[in-house]
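Below is one structure, written out as structure tokens; comments come after it.
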């Protein structure tokens, strides 16, 4: 049996599959999630059920979204959990998470995310932030560093700003490659994201905030006045209180929101 086969299933590279098997890490993650019986909880990419089984044992019902139809079928036939699982065979990047949430029962989301889609998947989930109470994800350690970064460091980028706009970010634990089969070539980490009921800084238009961040970080080595020159003049940036000699990685989340709100007001007043 090669090192890509675990519990009779061969990991598929196109799905970014690395199966967690370390009991200590599994127990630590489940402890961090702390599932409760009545939770409205969903797992993305349950795989072979390393997290599915212990979480499902603590809740009334567990929603799972699995792209791999073989793994979805395997879970449906699980001798113990089959009746507890609400299984959707689908691409989480296209899935409407709003269908699973309600005002009374916001979603709790967790998963060992495929590293090849983790960033776009988080951006997709941010669209449902008002319907989610918390998220626990296993990610590439580099991505967790980006989520937690502050201004003035290399890890700080568009993902940082958007994640910290929507959520409080809490690192949980680091995970070595040996905890997986097959072992990835990178270190991993678990992170908790708690969407704010009300963000600390309110963007008038999320579309404008996304546009500003994209423009700034697409040219991150340029000063902010050059990176955003198609949107705002030096004088306008100075009017907002932005140091125009700074680069994208030196601008705080609050400052990005202020820039986006200024851009929005300009468009509204045209």
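Every residue, even glycine, has its Cβ placed from backbone N, Cα and C.
Swiss-Prot names 18, 20, 45, 66, 112 for binding S-adenosyl-L-methionine. Of 83, 91, 130, 134, the residue it gives for the same site is 91.
Local packing around the binding-site residues 66, 91 was summarised as the count of other Cβ atoms within 10 Å of each Cβ; on this measure the leading residue is 66. In the three-state DSSP reading, residue 18 (S-adenosyl-L-methionine binding site) counts as coil.
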